[in-house]
């Protein structure tokens, strides 16, 4: 088991090492097949994520529409929709974590980029792949459910009636903070070393975070916390209301991801202060 061990003079030493910061711009990555394999994995994972989840949303609206023969309590309900989103994240992160890191979300990629976990090139390619995958995933939903897709809103995110822009933006910021903070905590090498006797499957808390956030924010914004998810649905649905509110689903998640990255890296882990202290010590030698 990886645990802290006692070193010389009674000081506690770590039996793990933090990975070094990823270079900000690494052109050499473009020559490696592993980068393109990871980009393909992000594309396919986001496609599958949007296909299953948006199809679940449309199915619920069909079954609960009384004018079309549905009933008030028909379908999976909000609880089932939240489980669909959280469950798919659990499955897809588990499947792709060893290939691409299992981001499946531009906000997660942005947070990891700010924490120097991925390079700029990888971050940009991931975001492009995620957005294209989302468009394709929702496109499949429309193709298979063409008679219901437009009638039931296409799974597109927009601000619900009765809520102002500030409330919607705050919901997206806080929801994305919960998600990205969970990603950092679940994949923290220090936590894995310290608690190695407690088996933790990282995709499980990440998927559960998505589930809990959806329960809280579906009534407000339909729950974005993933710009690719919101973008893909808006592109295929292509109506004015989702586009008018669309900026909320980019600005909110990116702010939430940035706050989560700062909180974990500079407050909980104190990475910035440690690096600064090491720099000062080296300068005084």
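A Cβ is built for glycine as well, from the same backbone N, Cα and C atoms used for every other residue.
What TrEMBL lists as region 'Disordered' is 1-21.
Residues or ranges marked as compositional bias 'Basic and acidic residues' in TrEMBL: 1-17.
Annotation source TrEMBL lists transmembrane segment at 39-60 (among others).
The feature transmembrane segment is assigned by TrEMBL to 80-102 (among others). Same-chain neighbours of the transmembrane segment (80-102): 37-39, 41-42, 45, 48-49, 52-53, 56-57, 60, 112, 117-118, 126, 201-204, 206-212, 214-215, 218, 223, counting only residues six or more beyond its ends whose CB sits under 8 Å from a CB of the stretch.
Taken from TrEMBL, the feature transmembrane segment covers 123-145 (among others).
The transmembrane segment annotation in TrEMBL covers 165-186 (among others).
What TrEMBL lists as transmembrane segment is 198-220 (among others).
The feature transmembrane segment is assigned by TrEMBL to 247-268 (among others).
Long-range contacts of the transmembrane segment (39-60) within its own chain (CB-CB distance under 8 A, at least 6 residues past either end) are made by residues 74-77, 80-81, 84-85, 88-89, 92, 95-96, 99-100, 102-104, 125-126, 129-134, 136-138, 140-141, 144-145, 148-149, 152, 154-155, 228-229, 232-233. Residues 105, 107-108, 111-112, 115, 159, 200, 202, 205-206, 209-210, 212-213, 216-217, 220-221, 223-225, 245, 248-249, 251-257, 259-261, 263-265 of the same chain, all 6+ positions outside the transmembrane segment (165-186), place their C-beta atoms under 8 angstroms from a C-beta of that stretch.
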